[in-house]
Amino acid sequence: MSTIARRGFHYMQRLNSANVSPALLEKAQNRVIDAALTFIRERAKFKGELMRSLGGVAATSSLLGVPLGHHSSFHEGSAFAPPRIREAIWCDSTNSTTEEGKNLRDPRVITNVGDVPIEEIRDCGVDDKRLANVISESVKLVMDEDPLRPLVLGGDHSISFPVVRAVSEKLGGAVDILHFDAHPDLYHDFEGNYYSHASPFARIMEGGYARRLVQVGIRSITNDVREQVKKYGVETHEMRTLSRDRPILENLKLGEGVKGVYVSIDVDSLDPSIAPGVSHHEPGGLLFRDILNILQNLQGDIVGGDVVEYNPQRDTYDGITALVAAKLVRELAAKMSK
């Protein structure tokens, strides 16, 4: 069991040993969750009203942080990522214009809702199933406010399941997913954890929340997971076939006949020489330009996305991976907004 998971588990043990009334605990959990959702609701409402008053925008990328790291099977520092990524987005080392010419100083391109208070919710003894529901509800609150679209900052990759579920349920149907990662994240469960960061896309596919799942950068895959790939009809593009697959990947057309496209970027999809600040180093990965070429050429309406698995605790002293993650967010935000 991970350090952060143990902390939550031991806290619940202390509550149980203190004979805390289940009714009292449930009431406390409900109040804290209501307060958390009220915060997200009011922040999203304000940002939505602001975008509508400015006018001339059909979609605004809305940053929602989900600082959750306890479902990681190794290092857990991704829980500390959202504020570091936000800081790097506005770092003075670069200007505010994206490669496609959008000015991030224009709030109609990118805005910020804030973070779901994951640690505070878990501190009340809320279990993983209910926590996932809180994440889903938070995403829906953002989507309630047209023209906001969720661009979620992880956190480990487990967050993609409740986020994609929310997007699909809110839009009333499945989406297509473009997924950059070193790992397929398709385990049915990992070491008994149904909500592991190694399992989100199994949850998504079995729930019918995605029609197509296109994975890019895969280079660590077990035979059991290959069976999962076959089971769910996943389109997996491994690093060993990247040269052959590049023409296909740089001309992707997704989202037709479904509710749009969701883009999930695990920072460990990149080679660790480019992005060392991740929990799981897997040599032989994508170059930064590989991701941008695929993303910038993607045809389809992007209705949501996430950038996950940046781990500040494993980054270099000057935060190079934070800058890498921030640029991924910047360029994805530019692609989403219109």
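Every residue gets a Cβ built from N, Cα and C, even glycine.
According to Swiss-Prot:
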TRANSIT   1-15  transit peptide
BINDING   S73, D92, S93, T94, N95, D185, L186, Y187, S220  L-ornithine binding site
BINDING   H157, D181, D185, D266  Mn(2+) 1 binding site
BINDING   D181, H183, D266, D268  Mn(2+) 2 binding site
BINDING   E191, G192, N193, E309  substrate binding site
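Feature annotations (Swiss-Prot) mapped to structure.
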residue: H157; record: Mn(2+) 1 binding site; CB count, 10 Å: 30
residue: D181; record: Mn(2+) 1 binding site; CB count, 10 Å: 27
residue: H183; record: Mn(2+) 2 binding site; CB count, 10 Å: 24
residue: D185; record: Mn(2+) 1 binding site; CB count, 10 Å: 29
residue: E191; record: substrate binding site; CB count, 10 Å: 9
residue: G192; record: substrate binding site; CB count, 10 Å: 7
residue: N193; record: substrate binding site; CB count, 10 Å: 19
residue: S220; record: L-ornithine binding site; CB count, 10 Å: 17
residue: D268; record: Mn(2+) 2 binding site; CB count, 10 Å: 29
residue: E309; record: substrate binding site; CB count, 10 Å: 32
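Using the Cβ center of D181, H183, D266, D268 for Mn(2+) 2, the list of other same-chain residues with Cβ within 8 Å runs, in sequence order, H157, F180, A182, D185, G217, V267, S269, H280, E282, E309. Among the binding-site residues S93, H183, L186, G192, N193, E309, the ones whose Cα sits within 10 Å of the Cα of D266 (Mn(2+) 1 binding site) are H183, E309, in sequence order. For the pair G192 (substrate binding site) and L186 (L-ornithine binding site), the Cα-Cα distance reads 14 Å. DSSP assigns D181 (Mn(2+) 1 binding site) to coil in the three-state reduction, placing it in neither a helix nor a strand.
Using a 10 Å Cα-Cα cut-off from D181 (Mn(2+) 1 binding site), none of the binding-site residues among S93, N95, E191, N193 qualify. Separating the Cα atoms of S93 (L-ornithine binding site) and H157 (Mn(2+) 1 binding site) is a whole-number distance of 28 Å. In this structure, the CA atom of L186 (L-ornithine binding site) is 11 Å away from the CA atom of H157 (Mn(2+) 1 binding site). The subset of binding-site residues (N95, E191, E309) lying with their Cα within 10 Å of the Cα of H157 (Mn(2+) 1 binding site) consists of E309, given in sequence order. Residue density at N95 (L-ornithine binding site): 9 other Cβ atoms are found within 10 A of its Cβ, drawing on all protein chains shown. Across the structure, D268 (Mn(2+) 2 binding site) and E309 (substrate binding site) are spaced 7 Å apart at their Cα atoms. The Cβ neighbour count for L186 (L-ornithine binding site), using a 10 Å radius over every protein chain in view, is 28. For E309 (substrate binding site), the nearest neighbour among the binding-site residues N95, D185, S220, judged by Cα separation, is D185.
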